[in-house]
Amino acid sequence: MQRMVILGATGSIGSSTLSVIESNPDAYSVYALVANTSVEKMLALCETHRPQIAHMVDGQAAKSLKQRLPTSLNVEITTGEDQLIDIVSASCVDSVMAAIVGAAGLVPTLAAVKAGKRVLLANKESLVMSGRLFIDEMRRSGARVLPVDSEHNAIYQALPESLQSNIGYCELEKAGVSHILLTGSGGPFLTSELASLASMTPAQACKHPNWSMGRKISVDSATMMNKGLEYIEARWLFNAADDQLKVVIHPQSVIHSMVQYLDGSVLAQLGNPDMRTPIAHCMAYPQRIQSGVEPLDFFKVGQLSFSEPDFNRFPCLALAMEACKQGQEATTVVNAANEISVQAFLENKIKFTDIAKVNEACLSQVAPQSLNSIEDIIRLDLQSRTYAAEWVKKI
């Protein structure tokens with residue numbers, strides 16, 4: 001029986017993880033559920049899954065949950081960063097699903113890595129922000145990190161076992177790998193007139209053609225910043241050079257990514273666009289379990305199409321790739337700026353096309369500096385958020 005902590009339990013990935021657990025009740029149990037402010041959802045999850053601990057990042061939400069949760073459930077309610085670190089580090093915990101969206105997931109995810117846990121990494125921002133610090137800590141502690149993002153999970157499955165067991169330090173060329181091909185659907189605005197993008201609403205941006213996701217990641221998919229962050233994450237996970245990474249537009253979201261080998265072979269992972277598949281793969285690796293996902297029907301799929309990304313349409317993708325070339329400071333800055341600009345768009349404070357403008361303005365201000373600790377990263381993250389917020393006000 002594998003005991004799990006789910007960071008971001010009330011979100012999309014958290015819900016999918018709990019669904020996989022429900023499909024395999026004899027193999028997994030929930031030790032702790034972690035959320036930010038969603039008291040109603042946490043109440044329901046506690047009643048269904050009976051965790052030992054329910055942790056709310058927001059202190060007021062924790063008080064509300066404590067008042068409303070029946071004592072008969074015998075669930076301990078906690079709040080505070082130190083308590084969260086204790087939860088992911090607990091000796092009884094086998095696996096941690098790291099699914100808190102954004103920079104907020106960095107500290108608990110890194111704490112799980114330091115504790116040597118099996119970390120199912122859905123929080124791409126952790127690697128985007130901390131990069132080498134994260135990878136080195138993983139090697140020091142002996143933590144096993146398994147990528148949950150459908151693209152990175154696909155790449156992982158298409159790599160030889162020798163590279164799967166050496167995440168962060170892969171020698172791609174020695175293993176015969178020539179390129180990693182990251183696929184992306186292009187989002188809801190792939191074929192929209194460029195002139196119309198400025199008038200796109202949050203509701204339109206959040207209407208992804210294939211995937212069911214949260215609002216922030218849905219907007220990131222519409223701008224393709226999500227693919228840019230995944231590009232950075234792939235660089236760290238697979239120790240890939242810029243010339244070994246390519247982005248491919250694939251509107252059907254059936255091929256989740258590919259690995260191209262020196263002999264001309266291309267290995268791809270295919271499946272229906274449902275996050276329960278990569279989640280189940282990570283939970284059970286190296287075994288396979290039921291995910292609850294319908295098998296892919298090739299006759300219904302019919303055709304698969306591919307194209308190069310248009311950087312005029314997707315400037316955020318170009319910015320993220322440029323930040324990756326510049327280094328750790330730049331990726332930390334662009335991630336922070338993007339979180340602020342996307343939130344401003346969702347609140348109707350800026351236009352869809354202003355997201356890239358804010359991100360570019362912040363990236364242009366990156367100054368050389370050393371990021372030698374988590375404190376350095378958090379400080380730069382906060383500085384970048386402040387600068388991005390100022391730009392939002394100017395627009």
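Backbone N, Cα and C atoms are what each Cβ position is placed from, and that goes for glycine too.
In sequence order, A35, A99, I100, V101, G214 are the residues of the chain that are 6 or more apart from G11 (NADPH binding site) and have a CB within less than 8 Å of its CB. Per Swiss-Prot, the feature NADPH binding site maps to T10, G11, S12, I13, N123, E125, G214.
Secondary structure at K124 (1-deoxy-D-xylulose 5-phosphate binding site), as computed by DSSP, is helix. In sequence order, D149, L229, E230, I232, E233 make up the list of same-chain residues 6 or more apart from K124 (1-deoxy-D-xylulose 5-phosphate binding site) whose Cβ falls under 8 Å from its Cβ. According to Swiss-Prot, the feature 1-deoxy-D-xylulose 5-phosphate binding site maps to K124, S150, E151, S185, H208, S221, N226, K227, E230.
Annotated Mn(2+) binding site per Swiss-Prot: D149, E151, E230, in sequence order.
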Residues within 8 Å of the D149, E151, E230 Cβ centre (excluding the Mn(2+) site residues themselves): K124, P147, S150, H152, N153, L182, N226, K227, E233, A234, S257
T10 (NADPH binding site) and H208 (1-deoxy-D-xylulose 5-phosphate binding site), Cα-Cα, nearest whole angstrom: 20
Sparsest Cβ surroundings (other CB atoms within 10 Å) among the binding-site residues N123, N226: N226
E230 (1-deoxy-D-xylulose 5-phosphate binding site) - helix vs strand vs coil (DSSP): helix
Integer Å distance between the CA atoms belonging to E151 (1-deoxy-D-xylulose 5-phosphate binding site) and T10 (NADPH binding site): 23
Number of other Cβ atoms within 10 Å of the Cβ of H208 (1-deoxy-D-xylulose 5-phosphate binding site) across all protein chains: 18
Spatial neighbours of I13 (NADPH binding site) that are distant in sequence (at least 6 apart) but have CB under 8 A: M97, A99, A122, V148, M275, I279
